[in-house]
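Feature annotations, courtesy of TrEMBL:
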- 94-151: domain 'Potassium channel' (DOMAIN)
- 205-283: domain 'Potassium channel' (DOMAIN)
- 313-342: region 'Disordered' (REGION)
- 22-43: transmembrane segment (TRANSMEM)
- 102-123: transmembrane segment (TRANSMEM)
- 129-158: transmembrane segment (TRANSMEM)
- 193-215: transmembrane segment (TRANSMEM)
- 221-243: transmembrane segment (TRANSMEM)
- 255-275: transmembrane segment (TRANSMEM)
Amino acid sequence: MMPGQRLQGCRSLHLNEDNGRFVLLAILILLYLLCGAAVFSAIERPSEQQAHGRWNGTLHNFSETFNISLQDLNSFLREYEAAIAAGIRADALRPRWDFTGAFYFVGTVVSTIGFGMTTPVTVAGKVFLIFYGLLGCAATILFFNLFLERIITLLAVVMKAVRERRIRNSGLLPPGIRHDFSAYSLPGWKPSVYHVMLILGISAITISCCASAMYTPVEGWAYLDSLYFCFVTFSTIGFGDFVSSQNAAYEYQSIYRVANFLFMLMGVCCIYSLFNVISIVIKQVLNWMLEKMSCLFCQRCNKANAFLGRRNAIRPGSKGRQNRGGQPPDSDGPCDSDTEGRRLSGEMISMKDLAASNKVSLAIMQKQLSESANGYPRTVCGSSRHNGFSGGVGALGIMNNRLAETSNSR
């Protein structure tokens, strides 16, 4: 569906595909928030009530023991809360506003982590933070986007090399093509979104586990608490209940602080990239849901939808069908919706299903394999940029364009 095309089941609401996707995503996020609130309320509410009961009992006992009124005691506690906000603790901690402490603070600002354990208290500091954070956050987001581009490029080069080797050793290509196959270098091949998501997920888990193994003995946290801290920090949520590198002194302090900085940098970049890839998969799911809802409401599904099977395999005879422009099957038409959509989405071609097909001759099968692997004839039509895996704004747009242009840039 084109972005400006109206959904058949939403004509009465005057919704096109983009608006329908936006409304559906908003509804799903609202439901997700309601479910999350219900779960956390059921889990955490009893513990909160117990903590309130224990604290009230402690206050009354202290008031009766030392003959201090609750009003005076609460005033003292308010002063202590203000001292905590200024970085004063009962235990000895590192200075908050020396150069290293200030550097740690600005790192949490521009990365949008914002632990909250250090905050400016002067008027000049608050005003400077507004302008400093405005420029710093924008520059850091750009850095994350450029990091994501390099990750996609690196993965594309590695995965393309593996795929070239697999196809070269498959034995299904004609001898002439096999000897000259490296010259084609798979120009139309795209890395699979799901493979990129898997690699980034494994990388994020590996970095988190290694960082947790460092934080557990150094900070004295439980390993599960360390993993929790890693996710909260790397995802830039930054609650502030656990904050690393805050004690006054550590054994091998310089090495630990450098390692802490590197783990945070790699973790934030990796999780940020993973979130962008997951958002593409979510967009694909939304497109599938819109298609199903359109078919459900209009009751006039095209018979072609019943033919939609695995998009990860070449369908026997699909090349023999005419495209939308009515062009012959072997012509280099402006667009083949099935093949071009698969290429732009980054999905791989199932060699097993292609080789097992008995509905095409060996010559046609070799021709399809060669064209699909090398990505030609490849003329991107105007509608190919409006599928579920192209377009977008900001990091999502960079991710989609990178997936569509990796082979051209290489």
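From the backbone N, Cα and C atoms, a Cβ is placed for every residue, glycine too.
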Cβ contacts under 8 Å made by the transmembrane segment (102-123) with residues that lie 6+ beyond its boundaries = 85-87, 96, 129, 132-133, 136-137, 139-140, 233, 236-240, 243, 245-246, 261, 264, 268
Sort out the residues at least 6 away from either end of the transmembrane segment (22-43), same chain, that have Cβ-Cβ distances under 8 Å to it, and list them.
-> 15, 282, 286, 289-290, 293
State the mean pLDDT for the domain 'Potassium channel' (205-283).
-> 92
